[in-house]
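Scroll down for the structure; my scribbles are underneath it.
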Amino acid sequence: MENNHNYNYFNSVLFTFLVTLASLFVLSLGQGTRVGFYSRSCPRVESIVQSTVRSHFSSDRAIAPGLLRMHFHDCFVQGCDGSILIDGPNTEKTAGPNLLLRGYEVIDDAKQQLETVCPGVVSCADILALAARDSVVLAGGPGWAVPTGRRDGRVSLASETSNLPGFTDSIDVQKQKFQDKGLNTQDLVTLVGGHTIGTTACQFFRYRLYNFTSTGGADPSIDAAFLPTLQSLCPADGDGSRRVGLDNGSENRFDSAFFSKLRDGRGILESDQKLWTDDSTKSFVQRYTGLLGLRFNVEFGRSMVKMSNVEVKTGSDGEIRRVCSAVN
């Protein structure tokens, strides 16, 4: 009987592994992107990006969440085309949701090195996608095979950043914004969970702490025992730009603790805490907190591959920018 049990267990594990592998393979094909796109034209691309991210991370751990969030913000506007990197008036970079992004110098550094080794070959959009993955790994998270072959966009407009999920968005609005990009409810919960490494500014959630209902009270969804901690971090008359960990207690570290905190009323952003109050998203939060539920690390990699193929430009579309901050 024991041998039978072991045999069945092995088959179950093997089946799960093969299904996951097959799913990742299908996802990796994307819309004209593929894993190993530069295997002949620039075989060192991944090692160069990886070493560059590691070098910057060693002196500033906040680079990891910065690069991950930058990739997320890039993909939701004009698709994953590196348009977030372009300098100039009224570009995406100047829009309110992007003002606190960081890590541009990492992409510029990697691009400069790659232009020396294989000029005009690797897109800035691909560098950003690879750097986001490498950032997660350095923060203690999973790795995944990144499909490449994106080309860089030529258009960057601050006015189009309304596509980005906002910190006061209802669940219906969040779901619609993700659905518009071909991402489902599970992707929403998974990607939000992964993007809570790092910090946010008091100005984005302080309104929840003092006069949320216009009667002087705090947001009732905040755990009463946690409220004084948040109020001490963000006093009513304090500095709105002060940074606070989104995953309080494990910021800059990739883990699934965020989901338990939502269950306990300890989500920092209103839009995050709402994931626990809507049945369609709550079910995924619960599955990420349970021992027998979804494996967050595996699902995060899958959702990142899916997101990184949103509205990508390939083939003759777009360009390969020589400098990531400017169109050719």
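Cβ from N, Cα, C; glycine included.
Note that TrEMBL annotation is computational and uncurated.
Cys118 is paired in TrEMBL with Cys42, the candidate among Cys42, Cys75, Cys202 named as its disulfide partner. When TrEMBL is consulted, the disulfide partner of Cys80, picked from Cys75, Cys124, turns out to be Cys75. In TrEMBL, Cys124 is paired through a disulphide bond with Cys324, chosen from Cys234, Cys324.
On the backbone, the CA of Asp74 (Ca(2+) 1 binding site) and the CA of Cys234 (disulfide bond) stand 29 Å apart. In this structure the C-alpha atoms belonging to Cys42 (disulfide bond) and Cys124 (disulfide bond) are separated by 14 Å. Closest to Cys124 (disulfide bond) in space, going by CA atoms and restricting to the recorded positions Cys75, Val77, Cys80, Glu92, Pro165, is Cys80. Nearest to Gly79 (Ca(2+) 1 binding site) in space, judged by Cα atoms and limited to the recorded positions His73, His195, Cys202, Cys324, is His73.
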